[in-house]
């Protein structure tokens, strides 16, 4: 009688093991084995991290093993089990591995294909085609689209992390519990002592050090020491948390009426403003997105304010980017003065603080939330709905977006929801952040996710003209590395453009992203089909780069750049000044966040900057 040896590996996660009944069936091209009981309750097999082997005898040759069916039947209570993989040794000495890497819950049967990736057109047997179709039918019932807010990218249909499919949940919900993490951060940073004085102002800038000195690091300490300097202010546009707003200015906009006379003292080279523009030495950061956004009004005892500033920057003879003019509103006029480095030091400092606060809002809500988290979730949902586990693109993308849906669901549950943590400290809380995403979506295009194009579109692509833009330089290197890797993978499975066109699953994937995930918005220009290998490589590079490198670039530096609160105030408690010469240090300190909001902000940027326990 032919004999097959089956090896089963259980995951090492807590609670991965099981004491339920485990059954297995081998499905071959010629026949199937009988349903075999591998383990009974209390036999101590399938413990956490265990690798167990079993011999299965069959009455006839099964042929080529195509599928493995595995069932878990409850013994006493439902006992989730995490299976890593199953290997089968055939009577001919061949080893076939069947990856699983998923939780088996309830009494459902799981059917596994072997680990070799295959395109849909390359599956020839009826068994393989049927398995592929059934897997996607089940996934499409499980992974459903839902609109969280009008005008947003679509998200997963789940109100809470616990409602998600088990295979995409975090191993421990505690790891992504924002309330728990923020509270723990506030306690660990020894700033909970200030929370009882929630709405009281700090005395002066030195007072902020009382919540800062225990938690500083090399970068944050440097920021604290130099944040008032124009050089540090300008440098952050290139290499801070939000290095995506600055663009080369080729023409001064009408809404920002700066003139040669106004700027003369800041232009070092002896050129006119027009000549400096032509030479490529003038840059601009425009926060027009914030214009008209509703400030946080969730706390009737503290009025909060937003502004939509425009900042003009100048590349000096040392190639440093320096601020030379700031207007705090979008409409020019007597009550919207243009602040200059030659103004009173308090006027100029407060104008820069307002720009930094506005930059913080755009960073958190647009650069970070929308353009990495929410768009990666769209790619992730479409991947689960349209690509079976045997598809090479599923295998390629899964490690990059595996937990995106889980972290976003937890954020909607606790962080950015109504009355969530976002409302506690941020000036765009209470609904302003929703407005900001809705406005941003109207300019969100597929091409803007292509890193080299996005850099070039802002006129920031020349390393010779702008030598210290490390975000650009490092980003381009990573983009090229990802492109090279994706190209190699695509070349293995797609021998020509026709193979791409005939891959019905990859076509369904990109169509689902555009037509459902992005709701077919005309202006988004997401492709509905891919015609060439080159287009496929670029698409997959965008997915991987956005979820990994781009997210890392704008997320993990938050504590470095934003923990010194005057450098990145999450809210402002005084309105933007409408005249020059009326601001003193007391007004500036009273404009900054109070003690309680400072503590929440510190806990947030600390928690968001931490790596997950199993993150690579």
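A Cβ is built for glycine as well, from the same backbone N, Cα and C atoms used for every other residue.
The Ca(2+) 1 binding site annotation in TrEMBL covers 17, 79, 80. The annotation Ca(2+) 2 binding site is assigned in TrEMBL to 39. Look at TrEMBL and you will find 368, 373, 551 tagged as Fe cation binding site. Positions annotated as domain 'PLAT' by TrEMBL: 2-118. Residues annotated as domain 'Lipoxygenase' in TrEMBL: 117-616. Per TrEMBL, the feature site 'Essential for stabilizing binding to COTL1' maps to 103.
For the recorded Fe cation site, residues 368, 373, 551 set the reference point as the centre of their Cβ atoms, and the other residues of that chain within 8 Å of it by Cβ are 367, 369, 371, 372, 376, 550, 554, 555. Just so you know, the Cβ of residue 79 (Ca(2+) 1 binding site) picks up 17 other Cβ atoms within 10 Å once every protein chain is counted. Summarising the environment of residue 17 (Ca(2+) 1 binding site), the number of other Cβ atoms within 10 Å of its Cβ, over all protein chains shown, is 21. Rounded to a whole number, the distance between the Cα atoms of residue 80 (Ca(2+) 1 binding site) and residue 551 (Fe cation binding site) is 32 Å. Those same-chain residues not listed among 17, 79, 80 yet with C-beta within 8 angstroms of the centroid of the Ca(2+) 1 site C-beta atoms are 15, 16, 18, 19, 20, 81, 82.
Sequence-distant neighbours of residue 39 (Ca(2+) 2 binding site): residues of the same chain at least 6 apart with a C-beta under 8 Å from its C-beta are 21, 22, 45, 46, 52. Sequence-distant contacts of residue 80 (Ca(2+) 1 binding site), defined by Cβ-Cβ distance under 8 angstroms and a gap of at least six in the same chain, are 15, 18, 103, 104, 105, 166. Mean pLDDT, taken over the domain 'PLAT' (2-118), works out to 88 on the 0 to 100 scale. Residue 368 (Fe cation binding site) and residue 79 (Ca(2+) 1 binding site) have their C-alpha atoms 37 Å apart, to the nearest angstrom.
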